[in-house]
Amino acid sequence: MSDQQKDKEGSGNDKRDRSRQSSEEQEAGPSGSSGARRGSSPVDKLQGFVTNLLSKLTVSTPKPKVLESNDIDAVVNFIQSEKCKNIIVMAGAGISTSAGIPDFRSPSTGLYANIMMKYQLPDPQVMFEIGFFKKNPEPFYSLAKELFPQELNPTPSHHFVRLLHNKGFLLRHYTQNIDGLERLAGIPGGKIVEAHGSFHTSHCMSSSCRKEHSFDWMKEKIYSETLPKCTQCDTLVKPDVVFFGENLPARFFDCMSKDFPQCDLLIIMGTSLVVQPFSHLVERVPDDCPRVLINREIVGTAPHMFARGMNFKSERNRDIAILGDCDDGVRKLAKALGWEQEFDKLCSGQGQAATNQPNL
């Protein structure tokens, strides 16, 4: 091999050695004299972020107790303290069953089965889908007739919410029900958020008309089994009930955003807490806000990716359950609070007359 060839080979080896050395220095990280530090690449940054996030999720300091104990006495003491000024009530079908209005989601009522057979429906839920309703409204109005007894009377649960208003505690009453019994109990309209709408008003479905029709007008049409047609343009009239495929009322979102951060005590009554987004409201109150469930069974404990769920066994005593019928539960609470006489007067119809306030 000539001297010239040796020089070329040596030069090539030197370059490879320098390249290898540079690579090794970069791998060396902080101790290297040149190159990037370990952790500066996008992958390393992402790994660091995930590790830091997981450490925050898994390591937490014990939180202080919310109530003195895990019972109704602690709830009473809290309501009677200076800490409790704004109470929010969340209610479902369970507060209306004693008024003779069945929980139509329950298969035991037979409503779904009878109507499915009469109208040959593939699924009872279709009668609450807006597209189906526009084509075939009869099944919905048939169900509506079965849902409403001839005489509508508020239940003790409704009267307890009215009593909270009378006492100056009620910030807002959020209901999934469409029966309007809250209004008949005398709770001001401005204090009510009907998350799924109600029969309180109805509107013509013509976009160029939209004439409003009253509850009594709609009720007469339902009981006479007459398809409700607009008195102005003869188009089908639909109660202001939220169907699948429709947005929840704007009022629900407007009130939700300002009410729940102010809540001092959340009372949940007669609901399964499975229908979204209503069920998510329990997570929107402050972390130190007590939550009282008045229900036949424990609900709301199953966490999901966006919420931790309620915990009735926690030593924080934040979530309290009063199990049984809602009417019995509110009566126990009213008695423990020393409100029994006022509560009984409301239930017997001797309380204050209904008040009307604009939506707040």
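Using N, Cα and C of the backbone, Cβ positions are placed for all residues, glycine too.
The Cβ of His196 (active site, proton acceptor) lies under 8 Å from the Cβ of Gln176, Asn177, Ile178, Val241, Val242, Leu248, Phe278, each on the same chain and at least six residues away in sequence. According to TrEMBL, the feature active site, proton acceptor maps to His196.
The Zn(2+) binding site annotation in TrEMBL covers Cys204, Cys209, Cys230, Cys233. If you draw a 10 Å sphere around the CB of Cys204 (Zn(2+) binding site), it holds 22 other CB atoms from the protein chains shown.
The feature compositional bias 'Basic and acidic residues' is assigned by TrEMBL to 1-23.
Positions annotated as compositional bias 'Low complexity' by TrEMBL: 28-42.
What TrEMBL records for 65-340 is domain 'Deacetylase sirtuin-type'.
Residues or ranges marked as region 'Disordered' by TrEMBL: 1-42.
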Among Cys209, Cys230, the one of these binding-site residues whose Cβ has the fewest neighbouring Cβ atoms within 10 Å:
Cys209
Around the Zn(2+) site formed by Cys204, Cys209, Cys230, Cys233, which additional residues qualify by having Cβ within 8 Å of the site's Cβ center?
Met205, Ser206, Ser208, Arg210, Lys211, Thr231, Gln232, Asp234, Thr235, Val237
Taking the domain 'Deacetylase sirtuin-type' (65-340) alone, what is its mean pLDDT?
91
